Amino acid sequence: MAKTYDYLFKLLLIGDSGVGKTCLLFRFSEDAFNTTFISTIGIDFKIRTIELDGKKIKLQIWDTAGQERFRTITTAYYRGAMGIMLVYDITNEKSFDNIKNWIRNIEEHASSDVERMILGNKCDMNDKRQVSKERGEKLAIDYGIKFLETSAKSSTNVEEAFFTLARDIMTKLNRKMNDSNSSGAGGPVKITESRSKKTSFFRCSLL
């Protein structure tokens with residue numbers, strides 16, 4: 001059976017339990033929101049195929065358990081991941097503080113050139129906010145990572161987050177193929193236009 005996609009990207013959602021990783025995954029993969037999700041036990045994944053620059057990209061998105069006792073299960077899934085979303089809950093200060101621990105986990109277990117993005121989730125709950133946008137942005141700048149505030153409930157910036165991460169992976173792949181071509185390795189490879197990587201920040205805006 002012929003492949004129905006040009007690229008397969010493996011993405012990971014990591015972060016503390018209860019920050020809304022599963023809700024983000026379901027909003028993006030099925031455009032659905034459910035407040036009754038129980039904490040993910042172990043690992044689950046969803047697939048959605050998107051189009052970027054005329055190429056079909058199959059996104060295999062893994063939802064990892066945030067509880068400490070599942071950390072050993074999760075570490076095996078870092079291998080092969082091309083993009084990782086670090087998710088915290090803007091109404092939960094501790095989940096934000098733990099992002100640094102999750103980044104340390106990535107540095108220990110993931111590929112050195114994995115694309116990363118920090119997401120401050122539940123930005124629809126502004127009245128219960130404990131972490132300001134500015135603090136989220138500053139943390140992202142400190143680590144050289146892109147940042148978005150999202151809401152799975154209101155669908156704010158969910159599409160933008162996944163598309164931005166996929167585009168950054170695509171840009172990196174194109175750059176690698178260009179480098180490979182220019183060094184004479186392998187046969188001809190068709191390259192789509194590569195965009196220079198920029199660190200940009202998006203704000204949560206509710207209409």
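Including glycine, each Cβ sits where the backbone N, Cα and C put it.
Feature annotation from Swiss-Prot assigns GTP binding site to 17-23, T35, 39-40, G66, 121-122, D124, 152-153. K21 (GTP binding site) has a Cβ environment of 31 other Cβ atoms inside 10 Å. In three-state terms derived from DSSP, K21 (GTP binding site) belongs to a helical segment.
Residues annotated as S-geranylgeranyl cysteine in Swiss-Prot, with similarity to another entry given as evidence: C204.
Under the heading phosphothreonine, Swiss-Prot lists T72.
S180 (phosphoserine) is surrounded by 13 other CB atoms, counting those within 10 A of its CB over all protein chains shown. If you look up Swiss-Prot, you'll see S180 (among others) marked as phosphoserine.
The feature phosphoserine is assigned by Swiss-Prot to S183 (among others).
Among the features that Swiss-Prot reports, cysteine methyl ester is placed at C204.
Feature annotation from Swiss-Prot assigns motif 'Switch 1' to 31-45; the stated evidence is similarity to another entry.
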Which whole number is the mean pLDDT over the motif 'Switch 1' (31-45)? 71
Counting only other Cβ atoms and using a 10 Å cut-off, which of the binding-site residues V19, C23, A152 scores lowest? C23
Compile a sequence-ordered list of residues in the same chain as K122 (GTP binding site), six or more apart from it, whose Cβ lies below 8 A from its Cβ; state 'none' when nothing qualifies. V19, G20, D89, I90, T91, S151, A152, K153
